[in-house]
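**Student:** Mind looking over this structure? Questions follow.
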Amino acid sequence: MEKKSKNTTQNKVEAAKILSKPRIFFGVLLIFSSIVLTLSFISYLMKWKADQSQAGTLLDKSIKSDNIFGKIGDWLGNFFVFDSIGIAAFIIAFLCLVTGLLILKKNYFKPWKTFGHSLFFICWLPIFMGAITGGTGVLSGVYGFQIMDFLNAIIGTFGLWMVLLVSIGLYFMLEFNLNPSNVKSKLNDLNENTIGRVKDMMPNSGENFSADEELLDEAQTTENVPLSKENVIVKDLETAPINLKVSSDINPIKIPNQTSFTSTPVSAPKSNSETDDFKFEVEVAKEELDEYDKKANELVEKHGEYDHRLELAKFQMPTINLLKDYGPEEILVNQEELEENKNKIVGLLKNFNVGISEIKATIGPTVTLYEIVPEAGIRVSAIKKLQDDIALNLSALGIRIIAPMPGKGTIGIEVPRKNPTMVSMRSVISSAKFQNTDMDLPVVFGKTISNEVFMADLSKMPHLLMAGATGQGKSVGINAILTSLLFKKHPSELKFVMVDPKKVELSLYSKIERHYLAKLPDGEDAIITDTHKVINTLNSLCIEMDQRYDLLKNAFCKNLKEYNQKFSQRKLNPENGHRYLPYIVLVVDEFADLIMTAGKEVEQPIARLAQLARAVGIHLIVATQRPSVNVITGMIKANFPARVAFRVISSVDSRTILDSPGADQLIGKGDMLYFNGNEILRLQCAFVDTPEVEKLADFIGEQKGYASAFMLPEYSSEDSSSTVGAFDPNEKDVLFEDAARIVVSTQQGSTSMLQRQLKLGYNRAGRIMDQLEACGIVGGFNGAKAREVQISDLNSLENFLEELKK
Ligand SMILES: Nc1ncnc2c1ncn2[C@@H]1O[C@H](COP(=O)(O)OP(=O)(O)OP(=O)(O)O)[C@@H](O)[C@H]1O
């Protein structure tokens, strides 16, 4: 039954789609008439003075006409244009077209709306043309002239113009729903869009990076990088107007006068042409701004958004010329080598009765990946077992077998190339991928096995563990990471805390101290080499982290980006301690050395930072030569999901870093494995030499910097804080009682909170905290955590303070 009724409905729909013959006839006739009328009118307008004299001689064969449709054309032009409504006659031709299309069921136009508008202009345009031409031309037609003349006589020329302008004004107001506030907001939007687009078009917008255009072109053509296609598409989408298309041959639904959209996807409202002429208004509910937001908006209107770059507004971002050009990085295909390796692999597998149905080679900068598809029925485990045999047979260092290739259903054998291609930092920095990235902390490591530039966002990693035996490219890797960040981030956006127990690896960066480095207030060198100072710095970073968490909590923000955005929009008051927070990247070059000398004292703050600091923009890069389990402990490993391994000595070391072997099979010289928490990628690290880093540091260091390095919070070590003396009421700070009330009411014994609430320096706040401890209001120093508060409510506190005074 149901099926039958379904069929009948379907048939009806099909039938409705088929046009009857009279429909086709009249539809086509009207469209044809529209074309004839349009061409006749155009032709008439061009030669109307000559044609008009022949208008009455329709049947006189001896008289020739210049109109494209001859005398009929003349007659039509004369009748509709000259004798009637002037150029508004084209609207009649247009109406013929619309009617023809409607008859043919082509609902390109909404009928009632179109006829309504046409009628208005058929009345208005001739009078308007009459008023402009004074009735002398063909543009107004006789009706236009006469009505204009009549109105002119009764309301005068001024009155006539008023009527014309008011009527057209009203028309546009009703049609486009224009009112002064709408117009203002539309103009504002237009303004913002224009400014936005102009900014986008500015060569230095966003990042001030200025790579040679030539180089960029070169990079785009020589690399396999998709030429920032995504970016182009995204830009197009951003600027393209969004059309809400509603299919016209579906059933109507009722829509209330005011419709509010939610973001839930809904199927398109059904409508048909008869119901299309209702007024459809969409009103986007404006968010109610509270007092605070209003004030922020006023401030932004008055002073503009807070610009964190302002203090170093003239700072020039490094240019690509600072990096050395090592020549073209074309990959030369050595056919002989390819053939030889292929034959060896196939032959060897054949010897072990492993049939191959397909083999494919991808040539990277350092290694070639041979992907084999085993014949049906061959077990992957059978090939896996042959790993050592394959490596032995190919007798090459650096063979790695990936069985199976994740997500590919093939088995990969990586074989080092005889003549590897060097990947220069210059080539990866100038790549379109790096140039156009919108990552927060972009790090360009080098190139993948398929010769694509490989980048990762440090802010998403969120911390990086690097390991590799000595001389395998670890220092170059750290320099590549630091260079990437220096090429992309302004000094106001990023600070480094550098720990270099070897004393020589990071010393080059001391030149950029006043631009990019952070240190302890009493620290002499920004690059920390002394183990004791490292402990203080790490604990200070923990305090900075806690302070940042407090700031974020007070600002109701979940992460640093959101917080900085709010601060830039002047929604956060600097008087309450709020400030623009740069990213902080802690770089530890020789972690094993630190662990050996300081052990838990270093491990604990590092683990704490690794666990918590991500949201507040503090990221860690920890490198080590000795990836043994007592250096890379379970606690460290658990908090460093992103790991990089250069060549290590044993597969045990490889397992310690990557949880799998492979790093012991690398060939050194920047050949590396990158583990992002899910998969392991083989990359060739980009090479940046010491002179290049020196040049870059000089370029930055020679520019105007801040007065000093970025100051980390002061950290008083446990030893010094344990020497809090007895409480002396005569020496207590004038703000002592206020501080006690704050601490008790918030139940938080935090010096940084006192600093903020009482607007004090760290030292004074620290002294008050010591006094609070000495009289027993708060407990003892508790590492980087807040102290315990010993009094539970304000009443008890007031009693306690009274007692103290006695
Ligand atoms: N990405 C690379 N491309 C080409 N060559 C490289 C690359 N990385 C390193 N090398 C070569 O390896 C040498 C040693 O690299 P690097 O100084 O980074 O090693 P390391 O692991 O830091 O050693 P150490 O721990 O002893 O300091 C470099 O001088 C360079 O010749």
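Residue positions begin at 1 at the first shown residue.
Keep in mind that glycine also has a Cβ here, set from the backbone N, Cα and C atoms.
Below are the features I grabbed from TrEMBL:
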{"type": "TRANSMEM", "residues": "24-46", "note": "transmembrane segment"}
{"type": "TRANSMEM", "residues": "79-104", "note": "transmembrane segment"}
{"type": "TRANSMEM", "residues": "116-144", "note": "transmembrane segment"}
{"type": "TRANSMEM", "residues": "150-174", "note": "transmembrane segment"}
{"type": "DOMAIN", "residues": "450-655", "note": "domain 'FtsK'"}
{"type": "BINDING", "residues": "Gly468, Ala469, Thr470, Gly471, Gln472, Gly473, Lys474, Ser475", "note": "ATP binding site"}
**Student:** Mind checking which residues reach the transmembrane segment (79-104)? Cβ under 8 Å, same chain, six or more beyond either end.
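**Tutor:** Residues packing against the transmembrane segment (79-104) from afar: 19, 23-24, 26-35, 37-38, 41, 44-45, 48, 52, 111, 114-115, 118, 121-122, 125-126, 129-130, 137-144, 273.
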**Student:** Thr470, Gln472, Ser475: which of these binding-site residues has the sparsest Cβ neighbourhood within 10 Å?
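**Tutor:** The binding-site residues Thr470, Gln472, Ser475 were compared, and Thr470 has the fewest Cβ atoms within 10 Å.
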**Student:** Name, in the order they occur in the sequence, the residues of the same chain whose CB lies under 8 A from the CB of Gly473 (ATP binding site) and which sit 6 or more residues away.
**Tutor:** Phe646, Arg647, Gly668, Lys669, Gly670, Asp671, Met672, Cys685
**Student:** For each of Gly468, Gly471, count the other CB atoms within 10 A of its CB; which of these binding-site residues has the top count?
**Tutor:** Gly468
**Student:** Which state, by DSSP, holds Lys474 (ATP binding site): helix, strand or coil?
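**Tutor:** DSSP assigns Lys474 (ATP binding site) to helix.
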**Student:** Count the Cβ atoms, other than its own, that fall within 10 Å of the Cβ of Lys474 (ATP binding site), considering every protein chain shown.
**Tutor:** 26
**Student:** Does anything in the same chain, at least 6 positions from Ala469 (ATP binding site), have a Cβ under 8 Å from its Cβ, and if so what?
**Tutor:** Gln625, Phe646, Arg647, Val648, Ile649, Asp653
**Student:** Which residues, in sequence order, are found in the same chain with Cβ within 8 Å of the centroid defined by the Cβ atoms of Gly468, Ala469, Thr470, Gly471, Gln472, Gly473, Lys474, Ser475 at the ATP site, excluding those residues themselves?
**Tutor:** Gln625, Phe646, Arg647, Gly668
**Student:** Looking only at the domain 'FtsK' (450-655), what is the model's average confidence as pLDDT?
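**Tutor:** Residues in the domain 'FtsK' (450-655) carry a mean pLDDT of 90 in this prediction.
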